[in-house]
Every structure is written in structure tokens, then in C-alpha cells.
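Written below as C-alpha cells is the structure these notes are about.
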Amino acid sequence: MADLNVPELGHVIVLAGGLSYEREVSLRSGRRVADALRALDVDAQVHDADATLLQTLQQAPPDAVFPVLHGSMGEDGAIRDVLELVGVPYVGARPDACRVAWDKPTAKSVVRAAGLATPPSVTLPKEVFHDLGAAAVLECVVRRLGLPLFVKPARGGSALGASVVREAGDLPAAMVGCFAYGDAALIERHIEGTEVAVSVIERDGEPVALPAVEIVPAGELYDYTARYDAGDTEFVTPARLPEEVARRAAEAAVTAHRALGLRDLSRTDLIVDEAGQVHFLEVNVAPGMTETSLFPRAVAAAGLNLGRILHDLIVARLR
Amino acid sequence: MHQHTRTDPYTDRYAARAAGMVPSEIRALFAVASRPEVVSLAGGMPNITALPLDVVGDMLGELTRRRGTEALQYASAQGDPELRARICEVMALEGVHGSPDDVIVTVGSQQALDMITRIFIDPGDVVLAEAPSYVGALGTFAMYQADVVHVPLDEDGLIPAALRETLERLRKEGRRVKFLYTVPNFQNPAGVTLSETRRAEILAICAAHQVLVVEDNPYGLLGFDREPMRALRADDPDNVIYLGSFSKTFAPGFRVGWALAPHAIRAKLVLAAESAILCHSSFTQFAVREYLATQPWQQQIKSFRVMYAERRDAMLESLETLMPDGCTWTRPGGGFFVWLTLPEGLDSKAMAPRAIAERVAYVPGTGFYADGQGRRHMRLSYCYPEPDRIREGVRRLAGVIERELQMRDTFGTARARERGGVDTPGPETC
């Protein structure tokens with residue numbers, strides 16, 4: 001039944017799927033977003049990013065597009081550049097901001113310049129290992145950054161290709177796993193602590209942090225399986241942080257959102273060390289919206305309705 | 001107040017047998033394989049575009065009109081008697097002479113295997129399976145908490161000496177072996193066929209150790225280069241349970257398979273079927289029965305053979321031309337699959353994401369073992385794509401393997417760290 005307090009919205013295309021490694025997650029996110037909007041009587045339709053998309057956008061232009069494409073093209077600005085070419089309003093960060101946010105080393109530089117702490121790191125394409133000798137390069141990395149290390153693709157999501165390395169002997173396999181998903185590796189000093197995700201939404205153009213979600217994976221890593229497949233990952237909302245630390249975590253997410261020039265919504269992943277210092281890990285411009293995802297948990301923890309939040313973000317784009 | 005939630009709120013309530021039911025991140029990659037940009041050499045789906053669908057459609061319409069009140073009604077758990085008689089005619093092509101009364105119609109041969117496992121296996125009982133073995137079977141065995149022990153095979157199928165040695169070792173360990181599961185013809189995934197001489201040996205070894213043989217034979221009529229071989233069941237009706245299916249010889253969508261079992265076992269299977277599904281779909285049974293009675297189904301199988309042979313040839317020729325040194329593969333005489341072995345140090349599971357990025361999909365070998373083996377192998381299917389797409393897929397795959405060799409040379413390994421979970425994709429790929 002239509003909520004009389006919800007402004008009417010016409011036809012919305014929820015863009016999901018694509019050809020990235022995260023296609024399955026994206027399709028699930030897309031279905032959930034569409035369901036949430038339809039519950040408010042919005043005419044929402046899921047559409048894949050495929051050869052029929054442009055024809056659909058041009059022949060039957062929607063009022064807006066809600067992209068939930070995860071992975072490259074969806075998060076690196078490419079699809080948003082296309083939406084701008086076609087002239088269709090869409091929710092979320094603009095292409096330039098996406099390009100910066102998607103490249104983790106660049107995002108770290110930007111937020112560091114804005115005053116956030118982020119783990120020391122190095123970014124190395126696989127050619128460096130090939131040309132200079134993997135063993136020698138890895139020895140330098142360990143000497144400089146120490147152990148444990150966190151290895152992940154410089155561009156990528158859903159923790160695909162990511163691993164914690166505690167023994168130097170495990171580094172080659174970690175690098176192989178990382179390069180399965182990308183051509184450059186971000187190797188960070190691993191910070192032990194409390195892992196939290198802070199989602200941000202814009203209200204009247206101002207970014208507002210939702211309650212932090214604390215992540216307690218059953219295994220060592222909040223990896224792909226721990227994120228998306230029903231299992232033993234535990235979430236605590238709001239995160240069990242002292243008030244002052246929680247405030248700094250929220251502030252860090254808002255700072256990241258602003259510094260990176262993001263728009264409408266984002267999710268920042270942080271780690272809080274044992275001394276209570278908040279460290280920026282990465283930001284996501286198209287946060288997951290599946291049944292197991294963090295953004296919907298944060299919305300629920302704030303006592304808000306997901307469909308209403310998404311609806312309002314769309315309406316804000318149309319103004 | 002802090003709220004504690006889990007990705008799975010029921011995690012404390014599952015049975016122990018559900019513990020392993022977690023997909024790996026590799027399985028998620030197969031969602032990409034369904035896109036047309038990707039050449040999928042992963043799917044095990046038969047190519048049914050060659051079926052005369054207009055004829056089949058007319059047949060189904062006529063069936064509904066003439067016999068709708070029976071075809072749309074409940075039936076017996078054992079299955080339609082006339083279909084069971086027709087099934088015996090089909091099995092006779094491979095030397096099997098059974099009684100319709102010893103046949104039970106099942107929801108694909110997968111259901112037959114599930115019920116056989118259910119009536120025979122207690123947790124910890126040993127099932128012997130080929131190395132590698134069919135992924136659908138391994139899933140069933142895991143569900144009933146069987147302990148799967150693999151027995152090696154080579155280009156002539158299961159190795160009798162290895163089977164004998166395994167059985168003797170298990171006997172000394174006091175382990176209880178309930179049955180040997182085998183796909184003797186154009187095996188899924190290895191593509192190999194158990195030779196004639198080995199068939200008699202395998203039967204003798206199993207009989208001597210009082211181990212039943214479960215003979216799963218979906219591809220027996222799909223040989224390209226020779227007439228169908230004599231089934232194991234033909235030579236040992238008391239110790240072999242034979243599983244058959246119309247999925248590859250007609251169409252998988254009907255979900256009609258069967259088991260031919262010694263009478264006492266068949267009786268238990270009927271009770272097992274009743275408790276699981278009450279009865280099979282009458283409509284699909286009638287459809288298959290009608291097809292066998294009125295259509296030139298043997299001619300249709302011949303045309304399937306010609307089609308699949310052309311695709312096999314496209315795959316083998318392009319593997320020969322394009323694959324880097326160090327790769328080896330089987331050369332199937334029928335069926336759907338080639339089993340490729342990678343050069344030393346490469347890992348088919350670790351390289352799967354890179355293959356997807358290059359728009360080609362395959363099934364990593366790890367999915368076909370219960371014990372973690374298989375990383376140097378992959379299954380390639382030629383049943384579904386057109387020959388030109390097969391050649392393109394092999395070309396892309398060769399490029400991926402070349403780059404993996406560079407990765408191995410750079411890091412001294414091309415193996416990533418092991419992550420658990422079920423690697424194989426869904427049923428359309430089995």
C-alpha cells in the first residue's frame with residue numbers, strides 16, 4: 001500500500017549484474033533494492049549492464065537509475081560516465097570520484113591528506129615482481145612493513161584476492177591469490193583490532209554517518225564467503241566502541257566521503273586498534289545491499305526503512 | 001543496547017551433515033559464465049536444440065488431450081509400468097536384460113543415487129569412487145556423511161590393481177566399504193571409458209570383497225566411434241545396481257531416470273521414494289513413454305552423436321594446436337568432457353578468476369574430488385557451445401595458461417592459499 005507521506009516516483013531502473021567477479025552479489029543487491037522500492041509502490045525494474053542497456057535507457061528513459069553494480073565498471077566510474085552521456089539521473093558518486101575511490105592506494109593518499117590515519121602500505125603491479133625478482137621484492141616489503149601484512153588487489157571489492165599474511169613464506173601464495181583478481185597489489189601493514197563499517201547517507205546534501213557495524217568473522221578474514229554466504233560471521237550494531245571512539249569512527253567516514261568527493265551514499269571500512277586509533281582501510285561507492293550486507297544493517301540499526309532511504313536518495317537526485 | 005546478529009541466524013541448529021554446505025568464492029564466478037561474452041566450457045548441459053521441438057510439443061499436447069486425467073494424477077512410487085518396460089528395451093542396447101519389476105523410475109538418476117546412498121550408508125561408511133568422480137555423486141555422499149575413498153583411473157578407466165589394493169587396505173583397517181560408484185562410459189569428468197577386459201576384473205574384485213557396484217551410465221549410448229559397450233550390470237545382475245537417465249539421450253528437463261536393482265534393493269528404493277517424493281511426475285513419465293513409443297528416438301540419438309562428435313573434434317584439434325607445452329588431456333570416444341592436466345605448479349582453482357577476466361570458464365578439478373586433490377586439473381565441456389565457440393574458448397584458455405606459467409616462474413608457485421567451500425557450480429553445469 002502506498003505510503004501517503006512518500007513523494008511519488010516514476011520508473012526507476014536498478015542497474016545490477018555486469019561482468020565483474022562480483023556479478024552474483026550485484027544481482028542479489030539489485031533484487032533487494034528493487035523489492036525495497038516496490039514495497040513503496042515505486043515502479044522499479046532490475047536491468048543488467050549488457051548490450052541492451054543503452055537501447056532501454058534511450059527508448060524508454062527511466063526517471064532515474066540506481067546503480068548497484070559491484071566491481072569494476074560499476075565502481076570505477078565507467079558506467080556512471082555512460083549514464084552521464086545518456087543524460088539519465090543516477091544515485092551515487094560521480095565518475096571522477098569513483099575513479100579515485102576505486103583505486104585503493106589513491107583513495108588512501110587522499111584521505112591521508114585529509115587527516116585520516118591509514119596503514120602504511122606499498123602498491124606493486126605484478127610486472128615489478130617479474131622484472132625485479134619476486135623474492136627480493138618481497139624481502140624488501142617485509143623488511144619495511146614488517147609482519148603481519150594484509151594483501152589485496154589495488155582495485156577490487158568483496159575481499160576477493162585478499163589475505164592476511166603472518167609468515168613470510170606465505171607471501172608468494174598470497175600474491176598469486178591477489179593477482180588472480182587484479183594486476184596490482186596493495187600490501188598494507190596489518191592492524192589488529194576491531195573491524196567496523198560505517199555507512200554514510202546524504203541528507204539535504206550533507207553526509208550523515210549511520211551507526212557503525214562491528215564485524216566479527218568466524219575465521220581470520222571477513223572474506224567473500226564470510227560476507228555473502230550465510231554462516232558464522234557475527235555483526236554487532238552499534239559497534240562496541242567507547243563513545244569517543246565511535247564518534248571518531250563516524251567522523252572518519254564522513255571525512256572520507258567528503259574528501260573523496262562522494263555523493264549520496266558510501267560505506268567506509270575502518271579498523272580500530274587496541275589504543276582506540278581509527279584507521280581508514282577503504283571506501284565503497286556502491287555498497288552491497290544483500291541480505292548479509294552491511295549498509296542495510298546500518299540502516300536498520302538507525303531505525304530507518306531501507307526502501308525509504310533509497311527512495312529519498314533518488315528523489316534528491318531529481319531535484 | 002548492542003544488537004548481535006549473524007549472517008546465518010540458524011547456525012547453531014543445523015545437523016552435523018549440513019556443516020560442509022558452504023559455497024566457495026569460486027562458485028560465485030559461474031554467475032559470470034552465463035553471460036554470452038564468456039565462452040563457457042564449464043557447462044554439462046546437453047545441446048537439445050537438435051530436438052524436434054515442434055514434434056515434441058505436438059506429442060505433449062496430444063498426450064494431455066488423450067490421457068490427461070491419468071497423466072496429471074498421482075501414480076505409484078515405482079513408476080509407470082509401461083515406461084519401465086520401455087526402459088528395459090533401452091537397456092537391452094547395452095546387453096542388460098532386466099525385468100520391469102526390478103526398475104524404479106526416479107527424478108533423474110541423481111535421485112536414484114540419493115536413495116541408494118540413503119538406504120546403504122551410515123555415517124563413516126566407505127564409498128569407493130573413481131579419482132576423479134562425478135560432482136553430483138560426491139555431493140550426495142557428503143550429504144549422508146560417507147567417507148569417500150578415491151581409486152585412481154587412467155585412459156582405460158578404473159585401475160583394477162588399485163581397486164584391489166584399496167579394498168585390501170581398507171579391510172585391514174577394519175573399514176566398512178558399502179559400494180563402488182563408477183561411471184564406466186565417457187566418464188564425467190575424465191572422459192575415459194572402462195575397457196572391456198577391465199570390466200570383468202572390476203566385477204570379480206568387487207564380488208570377492210562383497211562390495212556392491214553402482215553403475216551410473218548416462219552417456220553409454222553417446223559413443224562416437226563404436227557401438228555401445230556391454231554394461232557391467234549385464235554380467236553381474238546380483239551385485240550391480242544400474243542407473244540410467246534420459247537427460248542426455250532425450251532431454252534433462254523431464255527429470256526422468258531410473259535404477260535397475262536386485263529385487264530386495266528395489267523394494268527398499270520404492271519405500272525410500274515414497275518417503276521423499278510420494279511418486280514421480282506422471283506427466284513427465286508419460287511424455288517419455290510416448291516419446292519412446294512413437295518417435296524415432298534411436299535415430300535422434302544417432303544425430304546427437306554426430307553433433308557431439310563434431311564438437312569433440314573441434315576441442316581436441318584446438319587443444320592440440322594451441323595448448324602450451326606441459327598440458328595433457330584425455331581423448332574421449334564419446335560423452336561430453338575432456339579432462340585437462342596443467343603443467344606442474346599450476347592451479348586450476350587459483351587461475352579461475354583470471355580465466356573469467358579473459359572471458360572463458362571451466363570447472364576446476366577440485367570439485368571432482370572429496371579429498372582436496374584436483375588442483376592441477378580442469379574439466380572442459382564440449383557439449384553445449386558451437387564448434388567455433390569451442391575453438392575460441394580453447395584459444396582464450398591457452399592464453400590464460402601461458403600467463404599462469406609466467407606467474408609460476410615469477411613467484412615459484414601459481415598456487416594460492418586454500419580456501420574451503422564447494423567449488424562447483426549449480427546443476428546446469430554438472
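Cβ coordinates come from backbone N, Cα and C, glycine included.
Curation does not apply to TrEMBL; its annotations are automatic.
For A:Glu22, A:Ser158, A:Ser293, the entry in TrEMBL reads active site. Sequence annotations record features per position, and here TrEMBL assigns Mg(2+) 1 binding site to A:Asp269, A:Glu282. Per TrEMBL, the feature Mg(2+) 2 binding site maps to A:Glu282, A:Asn284. Residues or ranges marked as domain 'ATP-grasp' by TrEMBL: A:108-315.
Cα distances from A:Asp269 (Mg(2+) 1 binding site) to the recorded positions A:Ser158, A:Asn284, A:Ser293 are smallest for A:Asn284.
Nearest in space to A:Glu22 (active site), taking C-alpha to C-alpha distance over the recorded positions A:Ser158, A:Glu282, A:Asn284, A:Ser293, is A:Ser158. The Cβ of A:Glu282 (Mg(2+) 1 binding site) lies under 8 Å from the Cβ of A:Lys104, A:Ala107, A:Thr268, A:Asp269, each on the same chain and at least six residues away in sequence. Less than 8 angstroms from the CB of A:Asn284 (Mg(2+) 2 binding site) sit A:Glu75, A:Ala101, A:Gly157, A:Ser266, A:Arg267, A:Thr268, A:Asp269, each of them six or more residues away in the same chain.
Here the recorded positions are A:Glu22, A:Asp269, and the one ringed by the most other CB atoms within 10 angstroms is A:Glu22. For A:Ser158 (active site), the same-chain residues lying six or more positions away in sequence with a CB closer than 8 A to its CB are A:Tyr21, A:Glu22, A:Val25, A:His70, A:Gly71, A:Tyr224, A:Arg227, A:Tyr228, A:Gly288. A coil conformation is recorded for A:Ser158 (active site) in the three-state DSSP classification, outside any helix or strand.
DSSP assigns A:Asn284 (Mg(2+) 2 binding site) to a strand.
Cβ neighbours of A:Ser293 (active site) (same chain, under 8 Å, six or more residues apart in sequence): A:Ser29, A:Arg227, A:Pro287. Averaged over the domain 'ATP-grasp' (A:108-315), the predicted model reaches a pLDDT of 94.
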